[in-house]
Amino acid sequence: MSSVKSGKSWIRQPIVVVLGHVDHGKTTLLDKIRGTAVAKKEPGEITQHVGASIVPASVLRKVAEPLKKYFPKLKIEIPGLLFVDTPGHELFSNLRRRGGSVADIAILVVDIMEGFQPQTWESIQILKERKVPFIVAANKIDRIPGWKPNHDQPFLETIRKQDPRIVSRLEELIYRLISQLYEAGFMAERFDRVKDFRTTVAIVPVSAKTGEGVPELLALLTGLVQRFMKKRLVTSEEPAKGVVLEVKEEPGLGTTIDVIIYDGVIRRGDTIVVGGKDKPIVTKVRALLMPRPLQDMRAHEGKFVSVEQVVAATGVKISAPDLDNALAGSPIFVVPSEDKIEEYIKIVKEEIESVRIKTDNIGVVVKADTLGTLEAVVEALKRENIPVRLADVGPVSKNDVLEASVSKNHRPEYGVIIAFNVKILPEAEEYAARENVKIFRHNVIYKLIEDYIGWVKQLREQEKIKELESLIRPGKIRILPGYIFRRSNPAIVGVEVIGGVIKPGYPLMRKDGMRLGTIMQIRDRDNVLKEARAGQSVAISIRGRILVGRHVDEGDILYTDIPKQHVHLWLTKYKNELSDDEKMVLKEIIEIKKKQDPFYGLVFGS
């Protein structure tokens, strides 16, 4: 393990993350990069950290050698690149740091044949929010029909060996990516055509399978961080700052935390403050553990080797007492002296409270497995303008269901629990079933939000259908001469529907606005109908103070008697739900009713 560099400060390795849609080749690309590092490293150089892999400067120099003729000024000044081993933005979310990310730069992997997919867009959104610069690896160029693979060669070499038709197809696919990036708010170009890397996202065509283009990818990452991030990469012998990637049970060690240290030094015996579920945890480092190099791996010695200290940037496992409640995604600080403990507790507490939400607002309840994923889910909901009532880390409890049911009583669409990668406690499950509180669970953020939005759409559609069903529609009928079957109690007459619709339960009125009674039943010979529309002739029974011959007669025109609030909804919210003949009938009804109430059918602010 590297010891503290001479002098007080040094340039550390930049921390690189790999993001992208499922099956676009993130893991294959990381494996390729790791394999390159292992194959080309100097004897004794360590490439494997906890949760991360190093591509040392010596490897970067070897990989970049064939590119010298294209980029003569390329010099390697950084000590290497630190790649976070687990790809995807769920883990990237845990690399959180107030106002940004611990990651210095990202590779966005896109399958060149498929282009942008839901998680590509989501990754870009998260990179934007966390202000992390990125380059695009346009992966799977070997899948372009007719492509001749040249293993591990630079892209600029392999492209010269391809048929012109294949080159032109590649250009089309790159152009599609440029358009999609433009849609996401970024200027982009193939890496060798970029004039200004500060304003343009570079696209590197690669094949994670054959290794083509990987030399340029590594060289470009190196060049960009050296040119634009040197200040950010300066670290010193100060007490370490880091972030918890994962909390893990290890046989013989108990609960440990896998940490990325991005600044300073951490030593065995140091006092650390780390975020906990209930409160910040103050503890002492019992052991700093690094993976045992593969060649030394002996079954009885275990997977890890203990070291005295590590310096940034590094991935390390920390064994210490009282880590059971540690939170992934929380900051970790080495406390410089005992009198500073309270100060660091306050910093960690504020950091965690900035992500947790507890309000009296009407909104959804969010539960996630780590602080980072919690923040990412809440951000994704905010983008969709979905309010959050409560957001916390941990399994779904009965109390969460209680909170959701409060929202449900006010706004049914917000009375739900959005659960990312967490368990639902049995009592919570029972209570949710009893209270009819829906729980959405998924381990992919965009799917979780997608499922919820789809459900809300359905719910609104159902509510709309229900409300529309409850509204009295415009209807106009004429009593057919010779079809008076019964004069009263109830009156039964044959009618023709001239316009609109009539249904059982609809009140009827005369042309002068006088209420006659309510339709009880509609029949067509022996069939009882749910409704009758324009053009139909049917028999209807009317209950009310109606006597045919006195109040109405053969040939009379009757209308549905629509309440004022129903008319308001027909003229505003549901105006597109009426057919043309219903609209005509509604106009006539408004004219009749206006004589009794001048405000009937008046829409204010229109």
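Glycine too: its Cβ is placed from the backbone N, Cα and C atoms.
Quick look at what Swiss-Prot lists:
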DOMAIN    11-230  domain 'tr-type G'
REGION    20-27  region 'G1'
BINDING   20-27, 85-89, 139-142  GTP binding site
REGION    45-49  region 'G2'
REGION    85-88  region 'G3'
REGION    139-142  region 'G4'
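Annotated features taken from Swiss-Prot, shown on the structure.
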residue	record	contacts (Cβ under 8 Å, 6+ apart)
GLY20	GTP binding site	LYS26, PRO87, GLY88, LEU108, VAL109, VAL110, GLN119, THR120, SER123
ASP23	GTP binding site	ASP111
THR86	GTP binding site	GLY51, LEU245
HIS89	GTP binding site	LEU19, GLN119, GLU122, SER123, ILE126, ALA376, ILE445
ILE141	GTP binding site	ILE112, TRP147, PHE155, LEU170, PRO205, VAL206, SER207, GLU212, GLY213
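Stretch with the most C-beta contacts under 8 angstroms to the region 'G3' (85-88), considering only 20-27, 45-49, 139-142: 20-27. DSSP classifies LYS26 (GTP binding site) as helix under the three-state reduction. Per DSSP, the secondary structure of the region 'G2' (45-49) breaks down as 0 helix, 1 strand, 4 coil. According to DSSP, the region 'G4' (139-142) comprises 2 helix, 1 strand, 1 coil. Counting every protein chain shown, the number of other Cβ atoms lying within 10 Å of the Cβ of LYS26 (GTP binding site) is 25. Averaged across the region 'G3' (85-88), pLDDT for the predicted model comes to 83. When secondary structure is read from DSSP and collapsed to three states, THR86 (GTP binding site) falls in the coil class.
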